[in-house]
Amino acid sequence: MLVIDFGGQYSQLIARRVREARVYSELVSHRIGPDEIRARNPLALVLSGGPASVYAEGAPQMDARNLELGIPTLGICYGMQLMARQLGGTVESNDVSEYGKAEAALGESPLFHDLPPEQTVWMSHRDSVTAAPPGARVTASSPSTPIAAFEDAGRGLYGVQFHPEVVHTPHGQDMLENFLYDVAGAPPVWTPAAVIEEQVERIRAQVGKEKVICGLSGGVDSAVAALLVHKAVGDQLTCVFVDHGLLRHNEAEQVVETFGGHFRVPLVHVRAQERFLTRLSGVTDPEAKRMIVGEEFIRVFEEEAAGLGDVRFLVQGTLYSDVIESGGGEGGVAAKIKSHHNVGGLPDDMEMELVEPLRLLFKDEVRRVGEELGLPQRMVWRQPFPGPGLAIRIVGDVTLERLEILRAADAILQEEIRRAGLYRDLWQSFAVLPAIRSVGVQGDERTYAYPIVIRAVTSEDAMTADWARIPYDVLETISSRIINEVQGVNRVALDLSSKPPATIEWE
Ligand code: XMP
């Protein structure tokens with residue numbers, strides 16, 4: 001099914017919710033016309049929310065013929081208002097906007113089948129539909145929004161003013177499922193197993209008998225992409241794991257064991273810690289560290305690729321959110337490859353064609369596919385980890401000694417966070433090694449050693465973040481274990497800053 005995007009803050013969320021109902025969905029621009037819709041042959045359309053008013057200057061419009069295709073369509077918020085206007089109803093601006101929970105009374109409708117007639121819904125709008133289009137029936141109301149839903153079942157057109165896609169509408173997912181299954185007749189068949197089957201076929205068709213190379217970073221995206229390609233073309237794939245020595249405790253071993261050992265994927269493990277540390281020696285500027293790690297990574301990768309002979313394809317773990325952000329979701333413009341400082345962002349000038357088996361998946365879907373493929377839970381649920389690794393968590397000079405201190409402290413922190421059952425609730429949790437030392441006393445001796453800073457945040461997307469309220473007893477265990485077990489550390493501090501104004505990382 002297609003989610004027609006009017007720029008609403010929840011458009012991506014709608015697509016994800018539909019996929020959670022196991023119906024495949026894609027986000028498309030509101031500029032899409034009837035011919036392209038027909039060509040794509042969707043079972044249903046959803047018109048997303050959008051800006052405050054359909055009357056605002058430059059408010060996104062849609063070809064009204066899209067509503068005449070006989071395809072079941074659900075308009076949400078702005079989508080409902082636009083629909084109302086195009087079908088001859090009335091939309092009026094309110095003096096104040098309605099934002100937050102509302103109690104709605106629901107009438108007879110296939111959307112609300114088997115759901116409580118009175119329930120809480122989430123509103124976020126300024127305009128309202130004040131007269132339903134001719135032939136349409138009002139099916140829900142709330143105290144401040146008399147027309148909270150309407151439908152013209154004969155034409156398969158449905159509108160809701162509230163947002164069924166957000167969790168604050170407790171039965172919202174049920175409504176979406178009623179729409180998908182009962183109104184649109186879309187079967188819930190889009191499962192991780194189905195995704196794997198489809199991608200395997202696509203990859204085989206694309207790659208044929210050619211050789212493929214894939215860079216592994218230890219992260220879930222490259223791991224799942226590699227496993228999909230390996231499932232499709234077996235040993236035509238070689239994975240290259242550039243081990244820059246800046247990963248956390250045991251991570252490199254796990255990549256090697258999982259891929260080389262368990263899955264028997266041809267794996268080149270490049271132990272390059274010395275090379276990276278040599279280049280980082282004496283470098284303290286964070287951006288310079290990023291550049292060095294990024295450049296060196298590409299250099300090592302290229303050297304290894306050259307040694308493999310005639311490789312025609314390169315696997316890239318591009319996600320659907322990258323495709324949408326780079327405009328690729330808007331009517332099929334080719335996606336830009338992310339080429340920021342991220343390690344694993346591979347050279348632009350490599351003359352290889354890309355294989356992108358995750359291009360249509362959101363992050364949580366990648367994880368579910370990873371689970372289905374048998375990837376260890378630890379990898380599937382790994383918190384985000386920056387490409388330049390521990391180099392940007394060691395403030396100042398990156399030396400082997402300081403790297404070992406941070407790695408040991410971080411391992412304790414990870415262990416205790418997991419033991420407390422907090423790992424998955426936190427966006428990131430890690431140790432930072434600042435470039436200062438302070439005085440302490442251990443036994444009878446005065447010490448002059450490094451502090452370790454505990455950084456743990458909650459976040460939705462890393463754009464903003466809040467410091468995590470970790471229980472005192474967990475903090476106590478982390479602190480005393482680090483001070484007792486890690487040589488060279490005599491103090492543990494907790495970072496209580498949100499983002500903004502701080503960033504998540506220290507560099
Ligand atoms: P900041 O520190 O900017 O981080 O709040 C936001 C998110 O991005 C990650 N991060 C990076 N990821 N290469 C990466 O691949 C980098 O150079 C880099 N710097 C920050 C960070 O871990 C957080 O999730």
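Start at 1 and count along the chain as shown; that gives each residue its number.
Including glycine, each Cβ sits where the backbone N, Cα and C put it.
Where the annotation comes from TrEMBL, it is an automatic prediction and has not been curated.
What TrEMBL says about this protein:
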- Cys77: active site, nucleophile (ACT_SITE)
- His163: active site (ACT_SITE)
- Glu165: active site (ACT_SITE)
- Ser217, Gly218, Gly219, Val220, Asp221, Ser222, Ala223: ATP binding site (BINDING)
- 190-382: domain 'GMPS ATP-PPase' (DOMAIN)
For Ala223 (ATP binding site), the number of other Cβ atoms found within 10 Å of its own Cβ: 27
Entry from the recorded positions list Glu165, Asp221 having the most other CB atoms no farther than 10 A: Glu165
Gly218 (ATP binding site), number of other Cβ atoms within 10 Å: 20
Long-range Cβ environment of the residue listed as 'active site, nucleophile', under 8 Å and at least 6 residues apart: Gly8, Ser48, Gly49, Gly50, Ser124, His125, Val160, Gln161, Phe162, His163
DSSP three-state assignment (helix, strand or coil) for Glu165 (active site): coil
Integer Cα-Cα distance in angstrom, Ser222 (ATP binding site) to Glu165 (active site): 29
